[in-house]
Amino acid sequence: MLSSSHLKPSAPSATLLRFLRSQSDFLSVNSSRCARPSRSKPYVHQILPCNASSRASSTWTCTASAPHRTTLQTSLVRTPTPAARSHSSSRPRLWLCAGQAGRSSSIFPLSNAPYSRSASTKSRPLLRRLLDLRRSNSSADKHNRGGPALIDDGTEGGFTIGRGLAAKATNEPRLRCTEFDKNGNVTLVNGEFKKSELIAKYGLLPRDLRKIDSSTLPHILVRPSAILINLLHLRVLIKHDRVLVFDAYGSTDSYMQSLFVYDLEGKLQQKQTGGFGALPYEFRALEAVLISVTTGLEEEFNGVREPVVRVLRALEEDIDRDKLRHLLIYSKKLGTFEQKARLVRDAIDDLLEADDDLAAMYLTERANGVQREEDDHQEVEMLLESYHKVCDEIVQASGNLVTSIRNTEEVVKAILDANRNSLMLLDLKFSIGTLGLATGTLFSALYGMNLKNFIEESDLGFGAVSMTCFMITAVVCVYGLAKLRKLQRVRMWGEAGVGGAPLTPLTTRSGILSGHRSNWRADSIEPVWGSLPGEARTERIKRLRETAAAAAARSASADATAQRASALRSSANANGGAPKGSEHSPTRETEASGSSA
């Protein structure tokens, strides 16, 4: 048995504290002294560490110690379950009291220590005890199996961010490509590269690869050591001694891309002499790309143009609903193709307008240390201009076809409007005839009543009433048709034409056009307007006004000559006779004036 001498407890080692920390469930700070169990049972296992001078021993009776500073208490207590709570008094508990030391407090910061159960259960508030008793067995077992958290909560966010960045780096998208060396041989087929690897290997920027991934707008980008091309189905990276062809949309069985790979291999394997007109490595690759792009555009345009032309020819013969629907579908396809070809042409045009980019496309010379002036780029400019012309021709042809579709649609609308107007006129004619018959039968309905009309005994009553009804019907029909014809006659120059005189009317049905229906595609309408070929509207109006003024002047001069002749004749009659040779003078003067006019 140990005597109750005053012993100053020593601080436990760091290894022991870490072990107890890993095995304990809670960590608490006892501000006064080591609390002893509040149970009145005599058997409590308690250990008090002693100084180095005195050896510690264990006893079954609690030894009292003198008051000392706040100690650090660590307890190994299992979370009691409802079944084992009744036997908790018979189980020994291990209590360790240690003096507060500097190194122990530095190892376990008290500010971050979670709140734990006190040694005395009764010293806690009632609400905390009730909540503690309501814990489920599953949660307690899970908490005991999990062990204490050896990492502070403040560092969990950093580890979460690190795991997210690591997962993002692991899931970085890869680009599959085929690589050609300086001799045109394929060194890598369907090789996968990360974007970061391509950026570091070829000296690119992330935005450059973003433009390669995009499948909407064509681009030709010139960088200090590479040329990036994104045209239609091709995504190519050109170096001075290497070419990378990226897979189109992740597919390896593209027909156009396969043709391009074979063509590119043949272009790069051509032995170029050092004479005039020899193209460097990067220009041969660029030419292969442009040939593939223009060939694809031409084939696609031929595939779109043929059905459009066939539908347009069919619409000239018969305007059908199905044909109009097919025309709408082909018109949409043609519009999409025209936009695509226009974007390719604009991409080449933008490159031609940048002199610094054209001079920077000489990658072989730059790799050899040769610098070109900004205006010294005749070879690449001629190469790009030739294929720009091809793309421009395709754009113009597709634009002309789109214009033909628009014109055909307008003509079809005009024809359908004319047919609709004809049907409306026919309906109006039937309505006018029905109105005339209804007006005529009104009188017969009046005579059909059983009333006295004072003509029952007359022999001419039936005929007179019938003739009156027919006459009223005819008058109403003729009047209605006349009004309809007057409303149907619509002129672009008004009722009287230009200058109050009507224009030259069309030939009658008995004329040349009788029995012949002109085609709606006729280009000339001079007989309608009375104009000369190639004459503008303002010139035609001016000519018509001058003609009207000349006719008015001729009529005025003729009236003046007639008045002068009548005055001479009256004066001659007043003198009693006219001399010989003067009888026909007025007539001669009239003829002379007419010839002069």
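Using the three backbone atoms N, Cα and C, a Cβ is placed for every residue, glycine included.
The annotation transit peptide is assigned in Swiss-Prot to 1-56 on the grounds of sequence analysis.
Positions annotated as transmembrane segment by Swiss-Prot: 423-443 (among others).
Distant neighbours of the motif 'YGMN' (447-450): 465; these residues of the same chain sit at least 6 beyond its ends, with a Cβ under 8 Å from one of its Cβ atoms. Annotation comment: Swiss-Prot describes 447-450 as motif 'YGMN'.
Look at Swiss-Prot and you will find 462-482 (among others) tagged as transmembrane segment, backed by sequence analysis.
Among the features that Swiss-Prot reports, compositional bias 'Low complexity' is placed at 552-577.
Marked as region 'Disordered' by Swiss-Prot: 552-597.
What Swiss-Prot lists as compositional bias 'Basic and acidic residues' is 581-591.
Counting residues 6+ beyond its ends, the transmembrane segment (462-482) has Cβ neighbours under 8 Å at 429, 432-433, 435-437, 439-441, 443-444, 447, 455 in the same chain. Mean per-residue pLDDT, taken over the motif 'YGMN' (447-450), amounts to 80. Taking DSSP states H, G and I as helix and E and B as strand, the motif 'YGMN' (447-450) has 1 helix, 0 strand, 3 coil.
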